[in-house]
Structure formats: structure tokens, C-alpha cells
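Sharing a structure with you now.
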Amino acid sequence: MSLPKLLQFNFFLSNPNSANSQHSIVPKNPFTVECRQAAVPPPFPEKWIDNSWGTKKTLQLPKYQNQVNDIEEFPPLVTPGEARSLHDRLGDAAFGKAFLLQGGGDCSEEGLKEFNGDRIRDTFSILLQMATLLMFGGQVPIIKESRIPDPHKMIKTYGRSAATLNLLRALATGGFASMKRITQWNLDFAEMGNRYQDLANQVDEALGFMEAAGVPKEHPVMARAEFWTSHECSLLPYEQSLTRFDLATGLYYDCSAHMLWCGEGATRQLDGAQVEFLRGISNPLGIKVSDKMDSRELVKLIDILNPANLPGRITIIISRMGSEKLRVKLPELIRAVHGSKQIVTWICDPMNGSIKAPCGLNSTTRPFDRVLAEVGAFFDVHDQEGSHPGGIHLEMTGAQHVTEWIGGSCMVTSDDLSSGYRAHCNPRLNASQSLELAFIVAERLKHRRF
């Protein structure tokens, strides 16, 4: 059982054409919906307490001793107010007014050994660059999100998560994320560097125009970045230990991360422990879905987790489909959800569907072209159905020039895999491949604007 990821950033692209604008975006889908337009969710469900999941069946959950109780005395990693802010941004993404950029690293416990400040900073830099590209193309705000049976390992993970969040908050608010530093985020790789530099020059010109018009570069909207964290809700003793009652709203929040999701298999049963836990917390929630998901079951699960039909509460993470299956299955899911008048945010996870790596490596890889095809199919289906592509999830690295995915402008071949394969679990995009994908997504967002 793996621990929660140390980092998984969520960046949002917001739309200047928001509700306060004269030209606000109108959702394309033809279905009318009823929802509570409120930043604060309704009171937590009846007959729910933070340990009621213990009465439900659990799969792949280890039995912990009393050391887990120590975490209950620790400070929360995130605050309920931050989770509510993410809830609002995800609500915008559901209607095409924002776009989620979700980037994670290695999800194996072995990844803890590679924890250091430089890698956190470099990953944050790549996310800032990608968010800038997507914002420039889509003209909407980008939501940035990051992810993070020995109980002592959970305590170790808590400590490193706290240290990571401290560093990220300092980088996000201390000037590092200022748009006037856009050229300084560029890391040492050549393939996408020149193309990014051209865009950075355009952004600099735009900033100069705004400053001349009276908006200084030091304005908070230009000088700071918002980010949120997320991970899969799998280790329920850990999640329960960091669940807090919020006096301001009278609601429970899991303060281990801003957003929690249930995955396929062990954490998504309608009558299972994870769903029981998730239905009572007020964090934004994700549901990971593959082509195996029955559309009727998805509608039932959304009803359990979001009975008030609040925008931003539910994000559907489309995963493990590939481009061909996605073109067949995703329209069915969209029609079922929209037909039930449920409001959700749709995001694409093209990182799965790996194949066994050649060269005798005991690992997996995936051709970069298949990622591009899956992302393209995701946008095509939403164009076809009149719905909104709300974001993208990536497994990626910062400055590490890893060779774990074949292809891309950096020309990684199967012969290169053994020279830079460092993942302990799923293969990750290197910085050049991440930026290349960001340029392509930015073009699709730009196309949708027109």
C-alpha cells in the first residue's frame, strides 16, 4: 500500500470573462441544471462521523497500531478555507471558465528518498511555465494542483508534506512566481526552450502594456500564484487522523490535502469504506474513471458524494482508456451525467496504458504520441458533446532529464530508456515533453475560444 504522494500540484486557468464580466461564457451543454450557488457546501450528511467508514468493507487497507493516533495531534496540512477556494475554481472549470493543470511525481514510497528542495522548486517552475502557456492560449485562469504498512512512514510523509507545503507557499507568495520572472523559470533544456522564450517575450510585452495602462507588475494578481494539493483517498487511518471540524462553517474537512479522489478498484465501491468517508467531508472530490465504469454506477456515485449538486464538488478523472476507447466511452459517460443534470468537472489523465519497456528493463514506458492522441480525443469528444474539457493530469519531473517516455521533440528512443529511467512506479514526462504537451493543449484551448 503506497503512501499519499508528496506533491501533486493543481494550477487553475481562470477566465477573465467570468460572471462579473459583460461577456461571461455560457455553458454549451443543452441540459438545465439545479444547484446551490454557494461557496460553502451544505451541512455534512446525517448519520456520518469521521470514523463511520470503519463499519464498511475495506479492500487493500493495512491494519495499523496505535501510532496512527499520534497524527491526530499534528497541525492540519491545509486549511478548510483553502479547500473552499479550490471548490470555487473547480466550479468555474465545470463551465469552461477555468482549466485544471494537475501534475504529480513518483507515487512509490521509494520516491521519499528523492525528497529535496531543488526538485520541489524545479517541478514548481515547470508547472508555472506550463500554466503560463495554457493561460496565454486559453485566456482562462489555470488551477495548479500538486499531490503528495508501517505507520512510522505515514508520520515521515506528514513531516515531508509539511516541509514541501512551506516551501511552495514561500515560492508562490515570495516573488518567485511573479510574472516578471517568466524568463527565469526556464530550465536548462534546448528542445522547447526557444519556443518558450518567444512566448515569454510576448508576455513581457503584454505586461509592459498593462503597466502603462496602470496595472503594475507588482500587483498581487501578477506577483503571486495559487496552488492546491491532492491525492487518492486510500489510507483511511491517515485521512481520518487529519480530518478536522471547521468552526466557521460547521463542516468536516480532510486537512491532509485540498482535494481527495477515489480510484478504480479498491477505493470506489458504492458501499465501501472510502466512499463512506468521502461523502462526509466537504473537500472537492475526484472520481477516477476508465472504460470499465458503468455509466449508471457513475451517476449513483455522484449522487452519493454530491447530493446538493454543487459545482466544483466532483471532478471526473478520465484514465486508462487510450484514444480509441475514449472516443467510444467518454460520450456515453458525458450523456449519462448531463442527462441526470449533474454538474461535474471533466479532466483527462493520459498517463496510463503503459507498455513493458524494452532493453531488459523491469519497468514500463509509453510512446509520447499516444499521450497526444488521447489528449486530442478528449478535446474532440467535448467539442462533439457540447461539454467542457476542464483540465489535464500529468505525471512529470522538474529539472531531471529523465528518459521514461519514448518520443517527443527531445527524441527519446527505446535505446535511451536505460540511461535515464528513474521512476519507481509509473513513467513520467521530462521537462521538455511536459512543455511540448502544454503548447499543444494551449492550441486546443485557443481554438475553443474562437
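Glycine too: its Cβ is placed from the backbone N, Cα and C atoms.
I grabbed these lines from TrEMBL:
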- CYS107, GLU395: Mn(2+) binding site (BINDING)
- LYS288, ARG320: phosphoenolpyruvate binding site (BINDING)
Among the binding-site residues listed here (LYS288, ARG320), identify the one with the smallest other-Cβ count within 10 Å.
ARG320
Cα-Cα, whole number of Å: ARG320 (phosphoenolpyruvate binding site) versus GLU395 (Mn(2+) binding site)?
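Taking the Cα atoms only, ARG320 (phosphoenolpyruvate binding site) lies 14 Å from GLU395 (Mn(2+) binding site).
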In whole Å, how far does the CA atom of GLU395 (Mn(2+) binding site) lie from that of LYS288 (phosphoenolpyruvate binding site)?
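Approximately 15 Å lies between the Cα of GLU395 (Mn(2+) binding site) and that of LYS288 (phosphoenolpyruvate binding site).
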